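**Student:** Have a look at this one before I ask anything.
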Amino acid sequence: MKILLFFILFYLFSFSISYDEVIPLGYESHNDSLVIRYREIENYYTNISFLWKGKSRYDMSFNCVLNNTIRTCTLPVKESDHAQMYSEEISACTENNGTFKMCGYDLPLFYFPSPLLISEFKPKTRGGNTTLSGYYLELKERIYVQFENSYRKDQFFYSGYVYLIPGVFQSKTPDRINLILKVYPGCGYRTIIWENHETLNFTYQEPNIEKIDINQSFLDITGTNFYNQSIFVSVKIDNNIIDPNDIISVDFEIIKLKFNYSDPFSSKFNVQVGCCDYWSSQFQITYPPIPSIVNSIPKLKGGLLIINGNRLTSSPSSSNNNNISVTVGDSICSIVSSSSNEIKCNLQPLSNSTFNNSSPIAVSINDVVNTNTLLLIYDTPYITTFSQVNDEIHIIGGCFGNINSTQIHINDKQVFGQIKSINNDETDLILKIQNQIYNFNISIESNSIKSNGINVDVEMYARINEIPLVSNKLINFTLFYVNSSNINLIPTIKIINEKSNQTSKSISTNVNESVVSCSFLIENNCGIINYEIEIGNQIYQSSFSYESPLINKCNLNSNEIVTCIGKGFVNKYNETSIFISGQSIALSKEINNSIYESISFQMNDEYNILGELYLNVCGLLSNKVNINTFPIFKNVSIPNLFDTNGGNIIIIGKYLNNNTNFTIECNGEQIIEKECKLNNSSTSLECYIKLNGPNGKTCKLLFNNDNNIVSTFSFIYKSPSINQTSIINLKQGGILTIIGNDFYYPIDKVTIIGNGNGSGNSSLNCNEAKYINDTMITCFIQATNYTFNNIKNGEMIFINVSTNGKSGISKVFKYLTQSDDVHQYSDARNIFQNLLLSILIIIIISLFISNI
C-alpha cells in the first residue's frame, strides 16, 4: 500500500514538472540582450535570478511579445549586468500565455543561449591555459566543456566521440568577459559543444617555422605550434611531401628529419610543416655555393680568377641555370665558364687608390649566395705547373711581376739572368735551364712575396742542327742533358710516319760532357716528320720540318704546259698538290725530276690562269706566284663592215689580256692606232682599228715576241648612204648639198635619176662634186629646162653618189620646176637655209672634238 502511494505521488510530481517544462524554439546572443523564442502554446521564462546560497541574489526580467504563433522573449542586458550574471544556480519563473506557472527551480544551461565570443579562440597546439573572450561564458559554475573528436587517433581524445576537459575556469576574477580555459594539446580543426547542443568551431594555431638548421644529412626545424604526434605531422619540400619514415622525431617546437642533399649544384628549397593538414608558411633553405680556393691576380692589371670549391653551378634542370655572378669587393667579375667545382671569370684592374690588398668574394647562383668567407689576396705569386720546351722551362701560375724586378730562387738560392720573358698577364714565365743542373726546386719572388716551390726534373732534349732539304738524307742532331750512364751509347732515331716507319742508328757520334752530337741517314722525305730519339734509358720525342717549297717562277708555253722552277719539290705526285686561285689541280703522273727544282703540269681551260699559284708539298705550303703566260692566237673575226674611219675586229685566242703585245699590218702598212679591250675572260680581245676607206684590205696579225704571223684576215668598207639633200629648182640651178654617211674622197660622180636605174633620158648630172667630210658632199646643178617623164612637180626622186668604186642611191631629192608656187619655193629656201645652218653647227662641233 505504501509502495502504491509512493508511485502515485511520484507520478503527480513528474506530471507537474513536465507540465511546467520550458521548450525553446531557438536562441540569440547579443552584447546587450539574450533572445529566446517559443511556440505560442509553450511555457516561457518571464524572469531569472542568479543566486549565491546565503550570499546574494541578482534578478533580471524578460520582455515577451507574441507575434502570431511565435513568442519572443528578450532579456535586456546592460554593461553592468555582465559582471552579475554568474552564480551557483539560476532560478526562473515561467508563464503560459500570461498565466503564472511556477518559480524557484534551478535552471539548467540547456535552456539558455550559447556564449557570444568577441575574439577568435585559437589555442596553441601544446594546449594549456587559453583566454576565452566573450559574453555569457559562465552563467553558472561549469564542470566541463565538451569537445567533439574529429581525429580518432589523437592520443588525447581517447576512443569516444567526445572528450571532457575539466571545466572549472582557471580564474576567479570578476572579469567575466576574459576567462581562462585549460585546453589539451591538439591541432587542426576542432569543435566545442555547448550545453544547448549548439557548437563553436575553432582551429588550433597553425604551425610556424622560425629557423631550419642544416646538419649534414639532417634538417632541424624549429618553430611553434608543431604537434608531438608524428601521425598528424607532415613536411613538404618544394611541394613534395617527404616520406613519413624520414621524420625522426616531432615535438611542439622542433622537428628532426632526414634530408640528404648530395647534388653538386647550388640550390634552394621551400619547406612547409603541416599539422592535421594545416600548413605553415613556406620557409626557404639554401644549399649555397662553397668557394674555397682562389688564385691571386695583379691588382693593377686584373686577370683571370679561378675559383674552386663545391656547388659552384646550378642544376641543369633549373630554368635560370645561367644566373651566376661573382662579386669581388665592389667589382663584378665577368663569368667565362662554370662547373660544379670551378668558376672562371675575368676581373678588371683596380685603381691604385684601392689600398686594401684583399677583397671578399661573393658567389651568387640563382640568388643563392655563399655564406663562407673567401678572400682574394692580390699580387701574391704562385706556381701551378711547368713544362720543358728544349732548353727552356715554362712556369705557369700568376702574379709573376716583371722581368726587371722578379727574382728566381733555385734550391733556395737567388740566381740572376735566368728569366727570358714574362707575359703581360704575369701568368707565364720562361727561363733558361742552367747548365749541368738536372733537377732543382724553383720558386719566384715578386712584390716582396715568395711563391710556393715546385720541383723540376730536366729531361734530355734534341735539337736539329739545320733545316734539311728534301733531297738530303743525312740529318744532324745535338742531344742535351744526356745522363752520364748513357753518354757513351749510340743513339737511335725512329721516324714515326703514317706512310713509312724507319729506324736507324747514328753513323757519327761526338761527346762533350752531357752533350752528344749525332748524324742519321734517313730516306728521302718531306713535310713535318715526327721522330723519337733514344739513347740508353732516355727518350725524346718531337718533330722537325723539311724545307718548305719555294717557287721562283712559273711559265706557260705554247703547248699550254706550266713549268714552275724553284726548290723543295718532291718527285712523288701523291705528295704534291697544286692550287690556282684555291682550286686544286690533280697531277696525273709521277714528277720525273731528281733534283727537286722543277714541276710541270698541263693547263686546262677550267683553271683560272690569272689566279695565284702555290704548292702543297707534304703539307707544307709554298709562296704564291702568278703564272707568266704567253698569248695563244687562233683567228680574227670581223663582226661588221668598216665605216669611213675604221672598224672593230675580234681576236680569238687564250691567255689574252689588255697588254697583249701584237702588231697589225694591212697592205704592208703597220696600223699604229688601235684600241683594245678584253672580253670573255682571257679568250678574246675586241680592237677598234682607225683606218680610212673605202678600199677593202688584207691584214696580218703578228705576235711581237717572235714577229710571226699568227693570223690573216680581210675586211671591206660600207657603201655611201644618203639621208637628205638641199632643195633646188632645176630651172634656176645652184649648189646641191647632200647629207649622209660613209662618203669617201674623192667623189667620182653625183647623178639625179628619175626612174631609179638611170636608163634612157631620165638622169641628170650634178657637176663639180666636192668631198666635205664623210657625212657631207656638194655639187653644182646647171640651170636647165630638163624634165623627168612621169614625175610630178614636188615628188621625191633618186640621187646616186659614186666614190672610189662604191655607190649609194636614195630617194631623197625633191623635184621642183619654175612653175612652182613662189611660197613653196620660199619655204624650200628656208628649209635649205636651216639645213645649211645645221651642217655648219655639225662642222664646228666636229672641229672642236678633233682638237680636244
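Cβ atoms here come from the backbone N, Cα and C positions, even for glycine.
Positions annotated as signal peptide by Swiss-Prot, on the basis of sequence analysis: 1-18. Annotated topological domain 'Extracellular' per Swiss-Prot: 19-830, in sequence order. Residues annotated as N-linked glycosylation site in Swiss-Prot, with sequence analysis given as evidence: N47, N97, N129, N352, N441, N476, N661, N757, N761, N773, N785, N800 (among others). Here Swiss-Prot flags 290-367 as domain 'IPT/TIG'. If you look up Swiss-Prot, you'll see 831-851 marked as transmembrane segment.
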**Student:** Could you check the glycosylation sites N97, N129, N661, N785, N800 and say which one's CB has the fewest neighbouring CB atoms inside 10 Å?
**Tutor:** N785
**Student:** Taking Cα atoms as reference points, which of the glycosylation sites N47, N129, N661 is nearest to N97 (N-linked glycosylation site)?
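**Tutor:** Closest by Cα distance to N97 (N-linked glycosylation site) among the glycosylation sites N47, N129, N661: N47.
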**Student:** Looking at the glycosylation sites N47, N129, N661, N773, N800, whose Cα is closest in space to that of N785 (N-linked glycosylation site)?
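**Tutor:** Given the candidates N47, N129, N661, N773, N800, the nearest one is N800.
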**Student:** Round to the nearest Å and give the CA-to-CA distance linking N661 (N-linked glycosylation site) with N476 (N-linked glycosylation site).
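**Tutor:** Here the two Cα atoms lie 52 Å apart.
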**Student:** Distance between N129 (N-linked glycosylation site) and N441 (N-linked glycosylation site) at the Cα atoms, whole Å?
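**Tutor:** With the alpha carbons as reference points, the distance is 77 Å.
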**Student:** Pop the Cα-Cα gap between N476 (N-linked glycosylation site) and N47 (N-linked glycosylation site) into the table, whole Å please.
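**Tutor:** N476 (N-linked glycosylation site) has its Cα 133 Å from the Cα of N47 (N-linked glycosylation site).
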**Student:** With H, G and I counted as helix, E and B as strand and the rest as coil, say where DSSP puts N476 (N-linked glycosylation site).
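**Tutor:** DSSP call for N476 (N-linked glycosylation site): strand.
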**Student:** Looking only at the domain 'IPT/TIG' (290-367), what are its DSSP counts of helix, strand and coil residues?
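**Tutor:** Residue counts for the domain 'IPT/TIG' (290-367) by secondary structure: 0 helix, 42 strand, 36 coil.
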**Student:** Across the topological domain 'Extracellular' (19-830), what does the pLDDT come to on average, as a whole number?
**Tutor:** 85
**Student:** By a simple count, how many Cβ atoms lie within 10 Å of the Cβ of N476 (N-linked glycosylation site), its own Cβ left out?
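**Tutor:** Excluding its own Cβ, N476 (N-linked glycosylation site) sees 16 Cβ atoms within 10 Å.
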**Student:** Check the DSSP secondary structure of N97 (N-linked glycosylation site), expressed as helix, strand or coil.
**Tutor:** coil
**Student:** I need the nearest neighbour of N800 (N-linked glycosylation site) among the glycosylation sites N441, N476, N773, using C-alpha distances.
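**Tutor:** For N800 (N-linked glycosylation site), the spatially nearest of the glycosylation sites is N773.
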**Student:** Calculate the distance in Å between the alpha carbons (Cα) of N773 (N-linked glycosylation site) and N476 (N-linked glycosylation site), and round it to a whole number.
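**Tutor:** On Cα coordinates alone, these residues lie 85 Å apart.
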**Student:** Taking the Cβ of N773 (N-linked glycosylation site) as the centre, count every other Cβ atom within 10 Å, in any protein chain shown.
**Tutor:** 13
**Student:** Sequence gap of 6 or more, C-beta under 8 Å: which same-chain residues meet both conditions with respect to N441 (N-linked glycosylation site)?
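**Tutor:** Result: I410, N411, D412, G453, I454, N455, V456.
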**Student:** Tell me whether N661 (N-linked glycosylation site) sits in a helix, a strand or coil according to DSSP.
**Tutor:** coil
